[in-house]
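According to TrEMBL, the features are:
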type	residues	note
TRANSMEM	6-26	transmembrane segment
TRANSMEM	38-60	transmembrane segment
TRANSMEM	72-94	transmembrane segment
TRANSMEM	115-134	transmembrane segment
TRANSMEM	154-174	transmembrane segment
REGION	255-282	region 'Disordered'
COMPBIAS	255-265	compositional bias 'Basic and acidic residues'
Amino acid sequence: MDICSYVAWFGLFSILGWVYECTYCAIRTKRWDNRGFLFGPVCPIYGFGVSAVLIVAQAIASTGATSANVAWWQVFLCASAGSAVLEYTTSYVLEKCFHARWWDYSNVPLNLNGRICLPFALCFGAVGTLLYYFVCPLLGGATVSLPLTAWEVLALLTVGLMSADLALTLSALTDVTQRVERSRADFDAVMETAVDDLASGRRPLGADLEAAAHRTAEEMSLVQRRALKSIRSYTSEHREEGAARLRRAVARVESERLARKHADGRTNGASDTDSTDARDGR
């Protein structure tokens with residue numbers, strides 16, 4: 001395999017990983033949840049994992065050995081350890097960059113700092129073993145069957161789309177972080193004037209906070225709302241409080257927009273019916 005085919009397979013399995021994540025979470029929570037760090041339907045961590053298995057399999061094959069010469073338990077242990085290292089590193093880097101977590105295994109037994117856990121590491125090890133013995137040979141055959149030009153085009157598309165998605169997501173996350181901080185600043189401002197507000201008989205403090213969060217949520221774009229929903233939790237308490245208010249406000253704004261859309265649809269439907277009746281009357 002050449003670098004272009006690795007990049008193309010990385011893109012494909014990033015999409016398949018996203019499908020798995022969304023399906024698993026939908027079954028567990030009984031509702032659809034668009035999973036993943038990026039805005040598009042991809043989970044790059046799965047693409048990296050499969051690409052690593054392909055690279056190792058190719059390296060072993062280049063020595064003249066076959067999969068039959070490698071014990072399954074060796075593949076299983078390497079895949080389990082490799083997936084744990086990849087997942088822990090990804091979680092650590094994302095947390096340091098954005099002060100947030102996209103997954104948390106704190107409630108799962110035998111976890112390490114909530115970033116990885118033994119049960120999932122073993123599951124990924126089993127998947128890696130299946131990939132090595134059954135999927136990698138098929139992918140190798142598929143790679144040879146396509147000309148290099150096709151792989152170059154697929155690789156360019158993968159890099160281009162992933163790069164654009166990454167830029168869009170990073171921009172949205174930066175803006176979301178600023179809005180979360182603004183929500184916290186609104187809270188501080190309301191608390192500073194709490195005595196005056198209560199003495200003058202104004203509405204409760206919570207209403208002021210929720211109204212400010214509602215205004216912020218209405219200003220957020222689709223990508224920014226998606227970025228906020230994808231974050232499992234913030235590492236600092238004050239950021240998480242602001243994010244929780246924004247999440248509630250976003251849910252209300254989306255419900256209001258959906259209700260208006262349905263109302264407009266019923267109104268348009270009634271207008272069409274009236275027009276038809278008028279024509280029939282003539």
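Glycine too: its Cβ is placed from the backbone N, Cα and C atoms.
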Looking only at the compositional bias 'Basic and acidic residues' (255-265), what are its DSSP counts of helix, strand and coil residues?
11 helix, 0 strand, 0 coil
So if I exclude everything within five residues of the ends of the transmembrane segment (6-26), which remaining residues of that chain have a CB under 8 angstroms from its CBs? That is, six or more out.
32-36, 41-51, 54-55, 139, 151, 154-155, 157-159, 161-162
